[in-house]
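Residues annotated as S-adenosyl-L-methionine binding site in TrEMBL: R90, G124, D145, S194, R370, G404, D425, S474. The Mg(2+) binding site feature in TrEMBL is assigned to E195, E198, H199, E475, E478, H479. TrEMBL lists 121-222, 401-502 with the feature domain 'Methyltransferase type 11'. Per TrEMBL, transmembrane segment is recorded for 229-248.
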Amino acid sequence: MSTYTLKSLRNIVQRQRQISLICRGNGIRCFAGIDGIRENVTKNCTLPVEPQQQISDHTKRDVQHHSNKAEDWWDFDGPMKALHRMNLLRVPFIRDGLVARGSVDSKLINTNNVLQNQQILEVGCGGGILTEQLARLDAKITGIDLSDVLINVACEHLKQEANARLLNNITYKTESIEAHMQDKKNFYDAVIISEVLEHIDNKEPFLKACIQCLKPGGSVFITTLNQTIRMWIVGILIAEYVLGFIPIGTHHWKYMISPLNVQKMLDTMGCQTILVNGWTYQYRRQVWHRNVTSRIIGLQTKLPLNYGRYRVRFYNATIDNIRETASASDLPQAMSDVAKREVQHHSNLADEWWNVNGPLQALHSLNSIRVPFIRDGLVARGSIDAKAVSTTHVLENQQILEVGCGGGILTEHLARLDAKVTGIDLSDALINVAREHLKQQANARLLKNITYKIEPIEIHMKDKCNFYDAVVISEVLEHIDDKVAFLTACVHSIKPGGSVFITTLNQTIPMWLGGILVGEYVINAAPKGTHRWEQLISPLNVQRILDTMGCQTILVNGSIYEFWRNSWRWINSTSMCYALQAIKTGSF
């Protein structure tokens, strides 16, 4: 489970709240200031543990246990493979956290220098699995570990890479955090403690030393294992002693800690925990994914960052060269496998998109409540004249962006109220449907008010930062795997004082039973495979994400679809679906 914590400094502006997500892993790989001199790698990054450092017997055993795995540390299919595979989650998690915090330029999010000028410390870096990946994003990283054997492994692998950029960005030290902190107080932008806390017997002084290394406003990312019976059965007994996915003796249940206890410790150090996320590792598929249960916790402390999520993607290259008119097939580097499947699934429905009695009839009937929700939300904010609420020009002069517009079902209805609507989608098939249907209307007003683009929000935002009065994300968020990066780009597109409107499905058991199992596979109210429960998100988590981006949630309404009447209505509960409005309170 991952949690996000911020250090509450009395003299720091409270509006710096952001969330930062952390991911799991034992080592990170860093090195700085070597200037490409490969021969000096070992000399400059391995230091003996100082004699005055006191190490407990438990710590000595853990250091020896991990040192014994040195030869397999960089074997991607060996005993450390789960740690390697977690980079696909934790690298974007840290990156997006720093972006949401405002520590790095959001325009660089998809480039390989997004973390430039960020000073990052990884405590318990091991052989450098995570360190090198962060250094590839241009972070200046110091990796410290008590095992000289693993630091030697990290340095040797770094030398084999023969990469001047990595050599310049990474520094390794055989040193305890207590010793390191003496010379590096208030120095780092972020401290990473990934898959380390469960090996520490005296956690409180350890965390204090970590936090003292952070600059005011910096963040600490923590991922670790929760102290639950389920974790003991699945994560230790089965994973280590039955299936052998993890080396036997790696984890000891008595040294694990619950997120609540971590939060309590950090609270005494002036840190506010604002997010807790669960993560699980699927042994058979050898992949990580976000889960609502709390097996692994990730924390971030000391004033800001962003939290992690679902399945995330790792960018190795920039996507600046994607054209506005690009088709879905032109975007392979920009989309995760999940996104590609979602785009293809909805593109397959193109021929039925405007059939009001077809498989998308629920989407058509949803207009009966979502159009008034958007209109009334803008009226309540004073964005438009309340006297015009019942007219067909109530949204006159409002610049609205619909992200994931599909074939234009909602877009056209907003444009009929005289809004200037830009609809963007990754599916060229659906944008073509939207354009063709718009042409068939032969309505000069609609033609004037609507613009369609085949474009991801991350690209659109670059030219439309702080531009729109409102951004609409309707029935889209449940199809997004990297929700933090997605919402970050959406919020960047809104003017200060503008609104974001979201309608989506809640991640609840009633939703899984009624909305997915029955709705898709029994009564066919929606095409099979349209929704995946693990990608749904609760309104509370949406609020938390938006809160870190300077957005205040002002309204959450529950809704339900009555399939027997093909009708939507508002309800008091958000257990099925919900609509949310938030206001961007400042620049972001």
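Cβ atoms are placed via backbone N, Cα and C, with glycine included.
Features recorded in TrEMBL, as mapped to the structure shown.
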residue	record	Cβ within 10 Å
R90	S-adenosyl-L-methionine binding site	32
G124	S-adenosyl-L-methionine binding site	27
D145	S-adenosyl-L-methionine binding site	30
S194	S-adenosyl-L-methionine binding site	29
E195	Mg(2+) binding site	26
H199	Mg(2+) binding site	22
G404	S-adenosyl-L-methionine binding site	24
S474	S-adenosyl-L-methionine binding site	25
E478	Mg(2+) binding site	22
H479	Mg(2+) binding site	21
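Taking Cα separation as the measure, E195 (Mg(2+) binding site) is nearest to G124 of the binding-site residues R90, G124, G404. Put plainly, the binding-site residues E198, D425, E475 were compared by Cβ crowding within 10 Å, and the winner is D425. Among the binding-site residues listed here, namely R90, G124, D145, S194, R90 has its C-alpha nearest to that of E478 (Mg(2+) binding site). Same-chain residues at least 6 positions away in sequence with a Cβ under 8 Å from that of R370 (S-adenosyl-L-methionine binding site) are, in sequence order, L410, S474, F501, T503, A579. Averaged across the domain 'Methyltransferase type 11' (401-502), pLDDT in this predicted model comes to 94. Between the two most distant C-alpha atoms of the annotated S-adenosyl-L-methionine binders (R90, G124, D145, S194, R370, G404, D425, S474) there are 54 Å.
For the pair E198 (Mg(2+) binding site) and G124 (S-adenosyl-L-methionine binding site), the C-alpha distance works out to 11 angstrom. Separation of the C-alpha atoms of G124 (S-adenosyl-L-methionine binding site) and H199 (Mg(2+) binding site): 10 Å, rounded to the nearest whole number. Cα-Cα distance from H479 (Mg(2+) binding site) to G404 (S-adenosyl-L-methionine binding site): 10 Å (rounded to the nearest whole number). Between H199 (Mg(2+) binding site) and D425 (S-adenosyl-L-methionine binding site), the C-alpha separation comes to 46 Å. Following the DSSP three-state reduction, the secondary structure of E475 (Mg(2+) binding site) is coil.
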